[in-house]
Every structure is written in structure tokens, then in C-alpha cells.
């Protein structure tokens, strides 16, 4: 008896929920349909479709996938084009995802990262009438419809190394990477050289832990996902006396950020240098400890490649981002502006000019070549 | 009363459970059969119960026994109805999910009464894309484009089937083998190395690559069997750890020059020689390769092994009750090692399907999440070879269709995976669907209702209270 009552009650409650839901739907459903065209975008609509395939990091990786995606979105806004994007969940998704983009009628498909290099090459070869652009990877054997977008990140990382050495109070700075691959170690090479250059110029002995440029080996997370491991590594660095950390590991940088915030709440003075995008804007949780960022301005590059292709000016010569063309840059200091002495700022400005002019050579095994 | 109206033995595979229970035991009632099962399973309570439910281990014979009568029987007991309702439920729930997450759907819902068609279109489009991406694309420009989806389904299903067979074999022998991931990696590692480092004539090369993949997987699986048989180490913890070891070993090897391309430091191996690749079955515009035929052959082989061979009988006996098997003169240690080695070899074959079939090179993500999906595939296939085969095809269709769902309708991939997982959940758990719709097939089946009730009644009422 009791049981049947309960069953009845359960049914009753479900019916109640359904009624409430239906009522809510009824109320919500009374709006007016949008007018037939409904387009209120600034630019005139175009049939041109630009597409993007992420690597397994996804479009929300606070790193190159995200920057590239922002470039695509701003192209949609500014040029009035159509866009499609697919996110890869695993390395095995690249080939089918790229094929589906071609089948969807994409004029230009932007792919992200060296992991998509082979898939891009084979799909581009099979579809000579479609255009492709690939971020952060170049392969001299690419067919003539693939444009590589690459960055000489070491130049900006050199500045970051000099800045870190100049601001460190303990005389120790640290870095770690996601995986030991060229697009990661190029940051670490530049950073190491920047620290070294500072030591030579000032007769100091600021130490770098986490990367040995000569041996091309150092501290790595093993992937770009284990945020907690980034935190543990950073705590280890702080315990060894480092007070500035450069995590080159995409979203894992957040782990470094939270370790530094923890240290700060215990009265320790430590800072973070973000990578890829201006962390002050993209990772605002840590903005109180972000000294600067080694930026790759991918959004602009992606948008300009899309614009060129839409205007019929596609070419396959690689785009190489440098300090000179603004493709790579050291981000502003924002809230920590006061932590950087005025003469260090002017030295950095001079150093930037020297790197652009070639007086100071920045070399990395991983630097892109024409 | 309500407890007795909705009892089901397990979340997975209850249909064949009662089909099997109905047909399996001549003479005795099913209640006795179940009771004897439990006693066998735990040696009268003296042994800890097997990690894999006995009912899962017993599944194999359904296929031989599924005659026309039992199909009719299933329809009459409402299984077709339940399957239909599970898919319907998943579609409705998925539709709600999409409505919540897709701004376009939300927009269309806002003016539902002015243009009701808009909302329906927005909700149905992703499902249409799923079919177009996995079975047949009627919007394709030519026949090749129209047939591409089904070939893609078969391609994606190939490694899932191979690895799923390995996992299923383990289940049948009472081993919860979750090491397929590591075994795939080892198969891929061995196969790929032979594929790009050795340069051999056509035919022989591919054969050696397959052999190397089988050996790689068998070694990695065999280690688990050896540890379990010799030291009693639990296979779950051993396989989990071996997955990590295999994964990081692969990442490490890819940083060494021996596994990298000339002049590059990216962690990607050179391409396999063309002689080491599975031939394309339908030409270069399709990804379908001969590995699929190998997967079919593997399914037949596993079916034969389990149902027609002495070794397979021993595996199943060990799976049902290791102590009883030992008493009966079966070498349990040998069986454990052998079953894990064969399971590993099958997973290794999945690794070969990856490197020689679709990817054509070795990278850190070559195994994707196939090893873990394979567990679902094996469970969904109720640990039978052909069940695993079709579950693999279903999963392949979902993976292939997911690409189209994303590309055509811009449904976020995470929502795609949630919807697909919901469909699998409802397909795998008919009791849940029956409970939701208040269906009660037991009322029509007085012979088994008592059995099922007594079998799980205690647990169920405990959970319900």
C-alpha cells in the first residue's frame, strides 16, 4: 500500500515537473521570430568560408588553438565571411576532420600545430583547389596550397629572459615545458639566452633552472593537460629559491599560476611569465602575479591570411612572426609595472632594437627557417 | 510491490541473461541455476567473487542458441519496443541538451509558437548529420561522396573491434583487462618500427609488421598474465600501471633520433614504407583499408577459439570458477598467461591497424582512447565475438558521425560525445528504460519473474529504500 502510494506520488511529481516545464516553455515560446534576413553585422555578407581544425588541445586551450580561433572569429566579424570549426579530441581525428572541412566547401582551412602537419600535407595534396594554412609548423615539402604560419619566438623569449634576470631578487629563475618539442623549447632557448646575456652584460650570476640549452633537455610535464603537475613542479622551483617562473605548457601554466598565488599568500614574492597570449587578459585569475607574457600574435596572422585568401592573394610562402613585424612580442607589465625598474625598461627597449637590427643575435635550434 | 515489478539482474545485457537462463539449464529451474552460479562463483563463499560478474562470463553461447523462436520471444517480451524507446529517449534527452547549449536552438525555442518548424529543424539537424556522417550522405556530390561515410564507419571501427575482442576474451576468462590501451601502444610501436626502419619487399613487409604488432601486444598482455599467475597481482592495477608505462615509454622513444624523422626534432616517427601499409580497399579517396578484413577474420577466429576449441573451453571454465577449473585438471596459471597474451595480441592488431592503416606513422596519440572505448565495446557486445564486432561498428559509426555533427552543425564535440554516450547508456541499460516508461515485461512472463525478483530483490529493495 505504502509502496503504491509512493509510486503514485513519484508519477505525480514527474507529471508536475512536466507541467511546469511545459508552462515555462509556453511562456518562453511567445517571442517573435527574427526578420527574414536578420543580419546586422558590420561587414557585408560573403559566401567565402574559412575553417579551422584544432589539435587535441581544443579551442579553449588558452594557447595557440585559442589564439588562432580568435583570429578566425575576428575575420568573421570584420570580413563578413562564413566560418566552420571542428575540434579534435585525439591525434587520430585530424585526418577525418580535415576531410570533412574540405567536404563542407571550405576555401581556406587553418590547422593548428605540428601534429596536424602530415594530415594537412596529404589532404592538401589530394585537394589542390582548396587552400590551407598551418600554425606553428613548416615542412619544406608542403604543396603549393599550404601556407605555414611560424614564429621566431626565441626573440621575444630572449627579452623575457633578460627581464626575468633583471627583476629576480633571489638570483634564480625557472622554466618548464609541456613536451620536449621545438615549438616549446624555442621559448626556453630564448629565455636561457636572455638570462645569459644579462649575466654577461651585468657581471651577475642569475641561475636558470629547468632548461639546459646545450643539452636541449630540462623539466617537462609530459603533456599539455596535467595542470596539477604544473603546480607541483612550480612549487619545487620555488622551494629551490626561484622567484620567476616561465611555464611553456599551454593550460598547464595555470598550475604554475596557482602555485605562485599560494606562495604569495604565504608572503613569498614570486612572479609568473605567461606564454603565447597576454596572460593578463587571457588568464585573469593570475593577473596579480603575471609580470609579462611572451606573445605570439596569432590572431592577427590568421586574420590577415584569411583576408589575403579572400581577396585572391593567397601565397604559400611562410609567414614568420618576429619582433620586427610584431608577430612575437613581450606583453606590457600591467599591474606589475612598478616592479620593473625604469632603467631595465629602457635596456629592454634597446635590446629589442638590437635584436631587430641584428646586433644581438638570437639563435635557437628550433627557430624557423625560410 | 513496485520493487518486484521492475527487477532486472544487471545493467548490462539482461535480455540475453534471461534468454540464456530460459534455455540454458535443462531440467532444473532457473532459480537453482542462479544459486549454483553464485556458489560456483565464490566456492561456497570461501573465495572472493570474481571481478567480472559470472553472468557476463556466461554470455558466449547465446549466439549459437538464438533461433527464430527466441527472436519472436524477444519481440513479444517487448525488447524491440525497449530498444526503440531507448533510442527515442536518448534523442529527446540529447535534443534538450542541444537546446540548452546551442544558442540557435534557444533562439528558435523563443518563437516556438510563431514558427514551430524552426525549433524542430535545429534539433533534428545534428541527428541528420550523424546519419550523413556515418552511413549514407544523400547530399554528396557523387557516389563516392555518398558512400564515404559508411567506409569511414568501417575504418574507425577496425581498431575498436580488434581491441574490443581482446577485452572481451579477458572478460570471458574472468580477467578485467583494462590494459588494451598499453597493448595497442606496444603493438603500434613494434609494428611501426618494423614498418619504417626495415625495408623489405611487398607482402613480406606487411606480414612482418602485423606479426611484430601481434608480438608487441602479446608481450605486454602476457606480462600481466604472468604477474597474475605467478604472484597473484591483481590484473586491474597491473594493466593500469602498464598503460602508463607504455604511454610514457612511447613519448620517450619519440624524443630519440631513432624514432624521429631526419632533420626534425618533432615527436613523430617517419612514415611507414608503402610496402608496410594495409592496401586501400576502395582507392585513395577512402580511408578504408584491408585491416578491416583482418578485423573480421579476428572476430571469426575468436569465435572459433571460444566456442569450438579446447583452449577456449578452458578459458571459459577458468572464468566461471578458477578453483573448480583447477580441480577439473585445467592449468589455471597457463590459461591466465595465454588468455592475456592472446588478448594483448588482439589489441596489438588494433595498434597495427592504426599505424599501417589510417595514421601511417607513429605519434604520441596513435592509440587515441581506443583502449578505453574497447572496454565499452566489449561490454556492449556482451563479451561475445560477434556482439563485440557489431558494438565496434556502432561505436565506429558514432565516431565517424561525430565529425559530421561537428562540421555540419557546429555542435560542440563535447556535446556530441555526451549525446552519443547517452545513446549507448540507454542501449546498454534496458532496465533503466523500462523503469522510466513503467514497462514491465515480467508480468507477461510468470515463469521468470519470481526468479529475477529473488535474484536481485534484496539489492534492489535496499537501493530503493
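Positions of Cβ are set from backbone N, Cα and C atoms, glycine also.
A TrEMBL annotation is a machine prediction, not a hand-curated record.
Look at TrEMBL and you will find B:1-27 (among others) tagged as region 'Disordered'.
Feature annotation from TrEMBL assigns region 'Disordered' to B:43-66 (among others).
Annotation source TrEMBL lists transmembrane segment at B:80-100 (among others). Beyond the ends of the transmembrane segment (B:80-100), by six or more residues, the same chain brings 74, 106, 109, 119, 122-123, 126-127, 411, 415, 418-419, 422-423, 425-427, 429-430, 433-434, 436-437, 439 to within a C-beta distance below 8 angstroms of the stretch.
Positions annotated as transmembrane segment by TrEMBL: B:156-175 (among others).
Annotated transmembrane segment per TrEMBL: B:182-200 (among others), in sequence order.
Outside the transmembrane segment (B:206-227) by six or more residues, the chain places 166, 175, 177, 179, 182-195, 198, 200, 233, 235, 238-239, 242, 246, 272, 275-278, 294, 336-349, 351-352, 355-356 with a CB less than 8 A from a CB of the stretch. Here TrEMBL flags B:206-227 (among others) as transmembrane segment.
Per TrEMBL, the feature transmembrane segment maps to B:236-259 (among others).
Residues or ranges marked as transmembrane segment by TrEMBL: B:286-306 (among others).
What TrEMBL records for B:336-355 (among others) is transmembrane segment.
According to TrEMBL, the transmembrane segment annotation covers B:361-381 (among others). Panel annotation: around the transmembrane segment (B:361-381), residues 12, 56, 159-161, 163-168, 171, 178-185, 188-189, 192-193, 196, 243, 247, 250-251, 254, 259, 267-272, 347, 350-351, 354-355, 387-392, 394-395, 424, 427-428 of the same chain, lying at least six beyond its termini, place a Cβ under 8 Å from a Cβ of the stretch.
Residues annotated as transmembrane segment in TrEMBL: B:388-409 (among others).
As annotated by TrEMBL, transmembrane segment applies to B:415-437 (among others).
The region 'Disordered' annotation in TrEMBL covers B:444-465 (among others).
The compositional bias 'Gly residues' feature in TrEMBL is assigned to B:455-465.
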State the non-local partners of the transmembrane segment (B:156-175) in its own chain: residues 6+ outside its ends, Cβ under 8 Å from one of its Cβ atoms. 50-52, 56-57, 59-60, 183-184, 217, 221, 225, 228, 235, 289, 291-292, 294-295, 298-299, 302, 305-306, 315-316, 318-320, 322, 335-336, 339-340, 342-347, 349-351, 353-354, 357, 370-371, 373-375, 377-379, 381, 383-385, 387-389, 391-393, 395-397, 399-400
Other same-chain positions with a Cβ less than 8 Å from the transmembrane segment (B:336-355) and lying at least 6 residues past its termini are 158-163, 165-167, 169-170, 173, 175, 177, 179-180, 183-192, 195, 209-210, 213-222, 224-226, 228-229, 235, 272, 278, 289, 291, 294-295, 298, 302, 305, 311, 315, 318, 361-362, 366-367, 370-371, 374
By a Cβ-Cβ criterion of under 8 Å, what residues six or more beyond either terminus of the transmembrane segment (B:286-306) are in contact with it? 60, 63, 144, 147-148, 151-152, 154-155, 157-159, 161-162, 165, 168-169, 172, 210, 277-280, 312, 315-316, 342, 346, 349, 352-353, 356-358, 384-386, 388-389, 392
Grab the same-chain neighbours of the transmembrane segment (B:236-259) for me: Cβ-Cβ under 8 Å, and only residues 6 or more beyond its ends, written as numbers and ranges. 51, 176-179, 181-183, 185-186, 189, 193, 197, 220, 223-224, 227-228, 267-269, 362-364, 366-367, 371
